[in-house]
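First comes the structure, then the notes that go with it.
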Amino acid sequence: MNTTPGTVGSDPVILATAGYDHTVRFWQAHSGICTRTVQHQDSQVNALEITPDRSMIAATGYQHIRMYDLNSNNPNPIISYDGVSKNIASVGFHEDGRWMYTGGEDCTARIWDLRSRNLQCQRIFQVNAPINCVCLHPNQAELIVGDQSGTSHIWDLKTDHNEQLIPEPEFSITSAHIDPDASYMAAVNSAGNCFVWNLTGGIGDEVTQLIPKTKIPAHTRYALQCRFSPDSTLLATCSADQTCKIWRTSNFSLMTELSIKSSNPGESSRGWMWGCAFSGDSQYIVTASSDNLARLWCVETGEIKREYGGHQKAVVCLAFNDSVLG
């Protein structure tokens, strides 16, 4: 793959943030310097994801998907799609980049063929409530779809069969994730709880089985995202309570609490901790929050290593890739 020197794609570490100010910003992770800003005209950005080959970044918003080139300084999206109604809340990619998946408020999860330059919707999975999150099993053959009725759907892409889990009815599933080892699935909800399942099967033609493992009363307010670390030893949960909490997957005990709460009693809330992403070595985590900042933290000590300031409104999503392609 060719990368142009001086572009985002030429940097071994790609960090992008976006939110309510209609921009996507790219940062030099170690220095905190903003290296590129892309205008995202039509709406806020709800979700960001970098393609596995690090050539493009997808940004989803209200009724559209935009894909920007990371290997040039072209300010305009190189792929645009406007044929989905309402907010698109979630986006991700098959590991070899053949297709992309999305989910949104129109109650559908979709699979898009990326091999043609115009986005073709290949498959649609319809549910009965707006979708908040979609995550791909490491086997690349099952999608987990979380909706606002509190249901997690496991959509088997090979058979089109689906199973449903309803850990806490009436509380919206806001985020779900499976660890890279495919040992656990976690889901968080609008009550602030985190549910963890053990995974078995999911290899070859075996269907994945989910066995309830634990329920963590992770947050006292709305939980917004959960993410396992690349080494599968940690689970992070982000919340409207201004914290991101890091849990050990060995026993799901709390290891570190990352907080943006002010130590000044007179200062009002700095807002929600919207999302997070681990570094490839699982030692650091980047968070996005309503106080217009992204932050880089040391996972073990909870120390803030870097702040990324420049957004004019809340930062609600980020994408982080520091893996070196072989």
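From the backbone N, Cα and C atoms, a Cβ is placed for every residue, glycine too.
Sequence-distant contacts of K86 (SUMO3 cross-link), defined as residues of its own chain at least six apart whose C-beta falls under 8 angstroms from its C-beta, comprise Y62, Q63, G104, E105, D106, P130. Taken from Swiss-Prot, the feature SUMO3 cross-link covers K86 (among others).
DSSP assigns K215 (SUMO3 cross-link) to a strand in the three-state reduction. Using a 10 Å Cβ-Cβ cutoff, K215 (SUMO3 cross-link) registers 13 neighbours. For K215 (among others), the entry in Swiss-Prot reads SUMO3 cross-link, with the evidence type similarity to another entry.
DSSP assigns K245 (SUMO3 cross-link) to a strand. The SUMO3 cross-link annotation in Swiss-Prot covers K245 (among others).
Sequence annotations record features per position, and here Swiss-Prot assigns SUMO3 cross-link to K261 (among others) based on similarity to another entry. Take the CB of K261 (SUMO3 cross-link) and look out to 10 A: across all protein chains shown you find 13 other CB atoms. According to DSSP, K261 (SUMO3 cross-link) is assigned to coil rather than to any helix or strand.
Within the same chain, residues at least six positions away from K305 (SUMO3 cross-link) with a Cβ under 8 Å of its Cβ are Y284, L296, W297, C298. Under the DSSP three-state reduction, K305 (SUMO3 cross-link) is assigned to strand. The SUMO3 cross-link annotation in Swiss-Prot covers K305 (among others), and the record cites similarity to another entry as its basis.
Among the features that Swiss-Prot reports, ubiquitin cross-link is placed at K305 (among others), with the record citing similarity to another entry.
The Cβ neighbour count for K313 (SUMO1 cross-link), using a 10 Å radius and every protein chain shown, is 13. The SUMO1 cross-link annotation in Swiss-Prot covers K313.
The ubiquitin cross-link annotation in Swiss-Prot covers K313 (among others), and the record cites similarity to another entry as its basis.
Feature annotation from Swiss-Prot assigns N-acetylmethionine to M1; the stated evidence is similarity to another entry.
Long-range Cβ contacts of T51 (phosphothreonine) within its own chain (separation 6+, distance under 8 Å): I57, A58, F93, G97, L114. Look at Swiss-Prot and you will find T51 tagged as phosphothreonine, backed by similarity to another entry.
DSSP assignment over the repeat 'WD 2' (40-80) gives 0 helix, 17 strand, 24 coil. Taken from Swiss-Prot, the feature repeat 'WD 2' covers 40-80.
Per Swiss-Prot, the feature repeat 'WD 6' maps to 218-257. Away from its own ends, the repeat 'WD 6' (218-257) comes close to residues 174-181, 183-184, 186-194, 196, 269-282, 285, 287, 289, 297, 299-302 of its chain (Cβ-Cβ under 8 Å, at least six residues beyond either end).
For the repeat 'WD 7' (268-309), the residues of the chain that approach it from at least six positions outside its boundaries are 15, 17, 19, 21, 25, 27, 29-32, 34, 222, 224-225, 227-231, 233-234, 236, 238-244, 246, 255-258, 260-262, 315-320, 322-323, judged by C-beta separation under 8 angstroms. According to Swiss-Prot, the feature repeat 'WD 7' maps to 268-309.
Considering only the recorded sites K215, K245, K261, K313 (SUMO1 cross-link) has K261 as its nearest partner by CA-CA distance. Mean pLDDT across the repeat 'WD 6' (218-257) comes to 98 in this model. Here K245 (SUMO3 cross-link) comes close to A218, H219, A236, T237, S239, L254, T256, E257, L258: these same-chain residues lie at least six apart in sequence, with C-beta atoms under 8 angstroms from its C-beta.
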